[in-house]
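Annotated features in Swiss-Prot:
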- N116, T166, K170, R288, H320, S372: substrate binding site (BINDING)
- K168: active site, proton acceptor (ACT_SITE)
- K194, D196, E197: Mg(2+) binding site (BINDING)
- K194: N6-carboxylysine (MOD_RES)
- H287: active site, proton acceptor (ACT_SITE)
- K327: site 'Transition state stabilizer' (SITE)
Amino acid sequence: MASKTFDAGVQDYQLTYWTPDYTPLDTDLLACFKVVPQEGVPREEAAAAVAAESSTGTWTTVWTDLLTDMEFFKGRAYRIEDVPGDKNAFYAFIAYPLDLFEEGSVVNVLTSLVGNVFGFKAVRSLRLEDLRFPIAFIKTCGGPPSGIQVERDKLNKYGRPMLGCTIKPKLGLSAKNYGRAVYECLRGGLDLTKDDENINSQPFQRWRDRFEFVAEAVDKATAETGERKGHYLNVTAGTVEEMMKRAEFAKELGQPIIMHDFLTAGFTANTTLANWCRENGMLLHIHRAMHAVIDRNPLHGIHFRVLAKCLRLSGGDHLHTGTVVGKLEGDRASTLGFVDQLRESFVPEDRSRGVFFDQDWGSMPGVMAVASGGIHVWHMPALVNIFGDDSVLQFGGGTQGHPGGNAAGAAANRVALEACVKARNEGRDLEREGGDILREAARTSKELAVALETWKEIKFEFDTVDKLDVQ
C-alpha cells in the first residue's frame, strides 16, 4: 500500500470492478442482478458500475483510497449472462467480501446492495434476482424463532398442512364480533385463524380489546375440540416500543403465536421481534404486505426469493408465499423455488425455478410456507400437491363465505384437506383426480357439498406478470 499513488479524476468502473477471471470464495456474498444499461453503456461498464456503487466505489477517484486495501474490499463483477428472450437486459454476477457487512444484519446487506445503486444513471433499470449468503454470515443470524418441527411439537399437528383463515371483513368488526368469528372458525375445524395485515389498533377495534376477545375464543375452541388452536395476533405498530408492548400482552394471555408485517415495519423491527419470540417461546407469523411494490416489476426492484431469504435470516416461523392457483400473482416454478429457500437446509442452483446459486442454510430451522389469497375448496388438491405438509393453507373468504357460516366453511375445508391427504398417501394423483376426490368426500359431508356447489365457477385465470426468464 505504501507504493500507491493518487491519480485524481474519473476512471471507467470496469478498470477496477470488472474482474472476469475472479473465482468467488466460499465466504463471499454473491448477487445476481438483472441490468438494463442506458443506451451506449457497455455491459461490462454497467456491471462494474453496479459492483462499485454497491460496495466501495464513488463517482471519482479519492485520495483516501490510499488509506485502505481497496483490492480486498471492493465488489467484483465476475460474470455476465444473457437474459433469455430479452435483448436489452443481462445478468450481472457480483461477489462481495464478507467483511463489507455487519454480522447478523440483513439491514446492512440490503442498504449496500439495494441502496443508492438503484438510482444510478448508468442503468435504466435494475433488479436483484438472487443472493447467495455464505454460511459464515448465516451463522451470525438468529433465523426463525422456533422453526417447523418445534411448531409442530407445540401445536401437536403432524402429517398434513395446517389449516387457517383470515378473519373477514378485514376492517370494521368490533372486538367482540371479531372474537366470535374466530371461535366459529376454530370450533368448526381450523387449526389457526389470523388478523389481516392492516388490523392494528383502529378506533373501531383497539388492539387490547381484540387480543382479549380472541384469547377467549381460542381457549374456548381448544377446550371444546381437544385440539391445540391459535390465532395470529398482529402486533405491528407505529413504534418498536408499542409493538413489543403488544407482544408482551399476547404472552400474558397465554397465546402461542403473534404476527408481524415485516416489510412495512422494517427488518430492524422484525429481527427485534423475532429475537424476543425466541427468548419467550412464541411463534411468529410473517405477512408480506408491500412486497408487490418491490418485487412485481420483472425489470426493476427485488425478486421475492431475495426477500424470502432475508426473512428467514431475520426471523419468522411462517411467511406468506402466494398460492399459484388463487387471486394473487405467483408463477408456479418460481414459487416452488423460494418455498424451497424457506424450508430446506440446502437448495441447489436450478434456473428452471429461478435459483441462481447453491444455498447452504446449515442448521438454521425452516419457515412454514403460507398459501393465502382467493382460494377455496376446489383448490385444495392442487394446494396440497404444490405446498406439501410443511405449509399453512389459509381460506379467508373460502371459509367465511360459506352459506352455512364460518363453522360450516371451516368444516368443509377440514374434510377437503383430510380427504386430499388421505388420497395422496394412498398414491392417487391429486391434481388429475382432485375433483373426484372432493366429490367422494362430499357424499358424507353436507358442508363440503355446499362449498363445492358455491364455488364451482370461481376461477382467477390471469397471466403471471413476473415470469421466470427461461426458454
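Here the Cβ of each residue, glycine as well, is placed from N, Cα and C on the backbone.
Taken over all pairs of the listed substrate-binding residues (N116, T166, K170, R288, H320, S372), the Cα spread reaches a maximum of 37 Å, rounded to the nearest whole number. You'll find the Cα of S372 (substrate binding site) roughly 10 Å from the Cα of H287 (active site, proton acceptor).
When the neighbouring Cβ atoms lying within 10 Å are counted for each of the binding-site residues (D196, E197), the highest count belongs to E197. Proximity to T166 (substrate binding site), judged by a C-alpha distance within 10 Å, picks out K194, D196 from the recorded positions K194, D196, H287.
On a Cα basis, H287 (active site, proton acceptor) lies 6 Å away from H320 (substrate binding site). Take the Cα of H287 (active site, proton acceptor) and measure to each of the recorded positions N116, K168, K194, D196, E197: the nearest one is E197. For K194 (Mg(2+) binding site), the nearest neighbour among the binding-site residues N116, K170, R288, judged by Cα separation, is K170.
Applying an 8 A CB threshold to same-chain residues 6+ apart, the list for R288 (substrate binding site) reads F262, L263, F304, L307, L319, H320.
Among the binding-site residues N116, D196, E197, the ones whose Cα sits within 10 Å of the Cα of K168 (active site, proton acceptor) are D196, in sequence order. Here E197 (Mg(2+) binding site) is positioned 29 angstrom away from N116 (substrate binding site), judged by their C-alpha atoms. Secondary structure from DSSP puts N116 (substrate binding site) in a helix.
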